[in-house]
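> I'd like to ask you about the structure that follows.
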Amino acid sequence: MHEPRIIVALDFPDGKSALRLAHQLDPQLCRLKVGKELFTATGPQLIEQLMARGFDVFLDLKFHDIPNTVAKACQAAADLGVWMVNVHALGGRKMLQAARKAITPGTTKLIAVTLLTSMDQDDLADIGLSGQPAQIVNRLARLAYECELDGVVCSALEAAHLRQQLGEHFCLVTPGIRPHDNNADDQRRIMTPQQAIRNGANYLVIGRPITQASDPLVTLQEIFASIS
Ligand SMILES: O=C(O)c1cc(=O)[nH]c(=O)n1[C@@H]1O[C@H](COP(=O)(O)O)[C@@H](O)[C@H]1O
């Protein structure tokens, strides 16, 4: 059995809905992501329940604050025993270094979000960033690499270049995954699961295409088979 490379985003308003979906899924086929909505509603208790069912949990709270605050938050996340946690690379070098110091390498994976996959060129102009999305992603990924983080979140569109630049051990986590014929929703920089893997992604974050499917397990199995 291959290592599960699909991370299902449990973007639900309450623990009951999240557990209902988790009960339909298989820890041999996927890991689970708990984000801001669900964590705010349920707290750490749900994470313990998911881990007790055998799932690795990615706690996606995208910490972005002053270095001391982010370091303490990272430490608290690692204390929960989660598999992965993330911060925003836009928090800068000192914040990333503080986060790195707070989590022992080889325990909880620490990754940095580069540029959200919901953003495109027009959004960059709005926030005063010049250049193409790929350039911003490259710069922020390089910064995360220099600060010795375990990897980054990026879109699969940027993954091939990052893999080439930053080597095989740097972890690339790609949301914005849409199988053919799926609605892009609010995502802008998207790719199919197969393209993402071909481009060198280690893990694919997939939410609505699985959670809103008529049979989430069958959809998960199909995507798993298509990338194995
Ligand atoms: O850090 C993330 O997981 C993340 C970063 C990013 O740039 N884009 C992004 O979509 N995500 C998360 O990935 C998930 C994507 O969900 P779907 O668009 O439903 O597949 C959501 O839970 C987002 O919060």
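Just so you know, glycine gets a Cβ as well, placed from its N, Cα and C.
TrEMBL does not curate its annotations; it predicts them automatically.
Quantities reported herein were computed from a predicted structural model and do not represent experimental measurements.
Checked TrEMBL, it gives:
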DOMAIN    5-223  domain 'Orotidine 5'-phosphate decarboxylase'
BINDING   Asp11, Lys33, 60-69, Thr117, Arg178, Gln187, 207-208  substrate binding site
ACT_SITE  Asp60  active site, for OMPdecase activity
ACT_SITE  Lys62  active site, for OMPdecase activity
ACT_SITE  Lys62  active site, proton donor
ACT_SITE  Asp65  active site, for OMPdecase activity
> For the recorded positions Asp60, Leu61, His64, Asp65, Pro67, Thr117, which residues place their CB under 6 A from an atom of ligand 1?
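Near ligand 1, sequence order: Asp60, Thr117.
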> Just the number: how many Å between the Cα atoms of Lys62 (active site, for OMPdecase activity) and Thr117 (substrate binding site)?
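With the alpha carbons as reference points, the distance is 13 Å.
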> Given the binding-site residues Asp11, Thr117, Gly207, find the one whose Cα is closest in space to the Cα of Asp65 (active site, for OMPdecase activity).
Thr117
> What average pLDDT is reported by the model for the domain 'Orotidine 5'-phosphate decarboxylase' (5-223)?
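Residues in the domain 'Orotidine 5'-phosphate decarboxylase' (5-223) carry a mean pLDDT of 97 in this prediction.
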> Of these recorded positions, Asp11, Asp60, Asp65, which scores lowest on Cβ atoms within 10 Å?
Asp65
> Measuring Cα to Cα, tell me the gap between Asp11 (substrate binding site) and Asp60 (active site, for OMPdecase activity) in whole angstrom.
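One finds 11 Å between the Cα atoms of these residues.
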> Give me the long-range Cβ neighbours of Gly207 (substrate binding site): same chain, 6+ apart, Cβ under 8 Å, in sequence order.
Val8, Ala9, Asp11, Lys33, Pro175
> Are there residues of the same chain, six or more positions away from Pro67 (substrate binding site), whose CB falls under 8 angstroms from its CB, and which are they?
Gly91, Lys94, Met95, Gln97, Ala98, Ala99
> Just the number: how many Å between the Cα atoms of Asp60 (active site, for OMPdecase activity) and Thr117 (substrate binding site)?
14
